[in-house]
Amino acid sequence: MGEPLGLLQVTVIQGKKLVIRDFKSSDPYVIVKLGNESAKTKVINNCLNPVWNEELNFTLKDPAAVLALEVFDKDRFKADDKMGHASLSLQPLISVARLRHVVRVSSGETTLRKVLPDPENCVSRESTISCIDGEVVQSVWLRLCAVESGEIELKIKLIDPPGTNK
């Protein structure tokens, strides 16, 4: 776990069918964690289907890393309410990044792997991992756990560390 495997660029795109935690709605935000790093989106007031389109950056060091996210409802006078959590193994993304170097995919868009929903993961819809003009990108919807409903859409891009030959 010494040298970085790359920069992980996580775009929190949107949420769908989030749970109500205030009187009629919620004020959601997302905290994304990778190892001991964490980052937070802005709060979207009074919305159960928020659109963030926020890019959060992390240093990927562990090939067995798991991306974790928690969704909260911002409250003014008391502790923020939990609106669910989800996690995503980054092993498929990392293996595709390694494969890309072996098969020398560099231009255009090529789907190299699919991740299917199953009881062992939080993936809610079929997810694709593609090589787009030399960059490895995963588009994924995650089902929120420990709540009645809710999904979060992410776009995850693994960027090679500086000095790496593509």
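Heads up, the Cβ atoms here are built off N, Cα and C, so glycines get one too.
Feature annotations, reproduced from Swiss-Prot:
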BINDING   ARG21, ASP22, ASP73, ASP75, ASP81  Ca(2+) 1 binding site
BINDING   ASP22, ASP27, ASP73, LYS74, ASP75  Ca(2+) 2 binding site
DOMAIN    1-103  domain 'C2'
MOD_RES   MET1  N-acetylmethionine
MOD_RES   GLY2  N-acetylglycine
Cα separation, ASP81 (Ca(2+) 1 binding site) to LYS74 (Ca(2+) 2 binding site) (Å, whole number): 7
ASP73 (Ca(2+) 1 binding site) and ASP27 (Ca(2+) 2 binding site), distance between Cα atoms, whole Å: 5
List of residues, in chain order, with Cβ under 8 A from that of ASP81 (Ca(2+) 1 binding site) and at least 6 apart: ARG21, SER26, PHE72, ASP73, ASP75
Candidate with sparsest Cβ neighbourhood (10 Å radius) among ARG21, LYS74, the listed binding-site residues: LYS74
Number of Cβ atoms other than its own within 10 Å, given for ASP73 (Ca(2+) 1 binding site): 19
For the binding-site residues ASP22, ASP27, ASP75, the one whose C-beta sees the most other C-beta atoms within 10 angstroms: ASP27
Average model confidence [pLDDT] within the domain 'C2' (1-103): 94
Secondary structure content of the domain 'C2' (1-103), with strand meaning DSSP E or B: 13 helix, 49 strand, 41 coil
Any further residue of that chain within 8 Å (Cβ to the Cβ centroid of ASP22, ASP27, ASP73, LYS74, ASP75) of the recorded Ca(2+) 2 site: ARG21, SER26, PRO28, VAL43, PHE72, ARG76, ASP80, ASP81
Cβ-based neighbourhood (8 Å from the centroid) of the Ca(2+) 1 site, residues ARG21, ASP22, ASP73, ASP75, ASP81 excluded: SER26, ASP27, PHE72, LYS74, ASP80, MET83
